[in-house]
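Engineer: Could you have a look at this structure, given as structure tokens, before my questions?
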Amino acid sequence: MTRKYFGTDGVRGKVGESPITPDFVMRLGHAAGKVLAHGASTGQGRPTVLIGKDTRISGYMLEAALEAGFTSAGVHVLLTGPLPTPGIAYLTRALRLSAGVVISASHNPYYDNGIKFFSADGDKLPDEVEAKIEAALEEPMTCAPSDDLGRARRINDAPGRYIEFCKSTFPNSQDLRGLKLVVDCAHGAAYHIAPHVFHELGADVIAIGNQPDGRNINDGYGATAPGKLIEAVREHGADLGLAFDGDADRLQVVDSEGRLYNGDELLYLIVRDRMAAGFAVEGAVGTLMTNMAVELALKRIGVEFVRAKVGDRYVLEELNKRHWTLGGEGSGHLLCLDRHSTGDGIVSALQVLAALRRSGKTLAGLLDGVSLFPQKLINVRVEKGFDWQSHAGLKAARAVVEPELAGRGRVLIRASGTEPVVRVMVEAEHAETAERAAQTLAEALRA
């Protein structure tokens, strides 16, 4: 499907520039409302949507615009205020609502924002519904008669409901007593959620990145900037550090030694724990960028590994296609579909903590069978429209390099989607091998 407005993760951009303007977002809400109202005319009753947001200052403006758009189309609106993206997915499903909407740009700076939709089941909106919304955007905006306008109200118990849901994904037989955790909320949507979840399960919690001011989301804190977390873990002598991004769908973990563990390693750990608990795990899904050491480690324990395109949307699609439950990305998007319908940083952290409790081991101990392969990435600038896939010199160089890796490394070459650059990535057991192979391929491209 060719999308005019919807990208792989909703509608996103810089605030004040198309399409993230108040007038467009109001029209987007109205168009989505018309699509939902049409579905309701087939006997489902008047539709109600849930709207949540992260802590960006533009969230107030865009929330008001969405509210106006939906209610003008005859759709009722429930407003949660700041709440993690996966919390909106959960509550949409739990409250039996028609759809959920999140105002967030995830890990991006505060001056970006976006609109993301969830279906009634808490899943991403189907492509055909996105297509209907885009078609409705091309129609004139007509307000419903006064008797048919929607109502809007705030729900005050949304944080508490979501906190209890998160806790329900942690084994009843376990608690977190005796653990000291540093929790970095990125000054984002988890600031008033994550610390409570871990505290109520018994942990001693030191919260950082939990003072949002509308402009500091993801600024020097959170999953994309773990430096402050590493410092705090060492300063407080904590057992672990947990970092979430602005909308709390990503997770990065730091151990007591200050070592950072990414999503690839955490995916392997969760798979191993499910197996240790007696659950069958047929396979797991990563992406084109997942470290090969994780793929090989999973194969050693009899778990099939499949690579999807980069993006949690594509990981989810592959999991659903194969009826598997576990997948993720190195960035920290982890999917545990036996616990939640979408990626959830807090729920993922609880799965990691459950594995530590069940095993009695440290993170390093649980992952001693996985030593990530070194990666070498070289960006080669090319002319716009350059056809690297037909480049004879690159093909010849690849024919030499790949046999040398002998199944203990890999080559990934792809064009950037945003600039005239071809990215050459080589992964190998030894850094020198990766460096040499990447340079060979890059030089062939430049020739």
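All positions are counted from 1 along the displayed chain.
Cβ atoms here come from the backbone N, Cα and C positions, even for glycine.
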Engineer: Suppose a student reads Swiss-Prot and sees D245, D247, D249 listed for Mg(2+). Which of S98, S106, S119, S390 should they find annotated at that same site?
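Structural biologist: Candidate listed by Swiss-Prot for the same site: S106.
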Engineer: Cβ within 8 Å of the Mg(2+) site's Cβ centroid: which residues qualify beyond S106, D245, D247, D249?
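Structural biologist: Counting only non-site residues, the set is D54, P84, T85, S104, H107, G188, A189, A223, F244, G246, A248, R250, G345.
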Engineer: Measure from the CA atom of D247 (Mg(2+) binding site) to the CA atom of S106 (active site, phosphoserine intermediate) and give the result in Å, rounded to a whole number.
Structural biologist: 5
Engineer: Validating a neighbour-count step here. Other CB atoms within 10 A of the CB of D247 (Mg(2+) binding site): how many?
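Structural biologist: Here the count is 34.
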Engineer: In sequence order, which residues at least six apart in the same chain have a CB under 8 Å from the CB of D245 (Mg(2+) binding site)?
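Structural biologist: Listed in sequence order: S106, H107, A186, G188, N218, G222, A223, T224, G332, G345.
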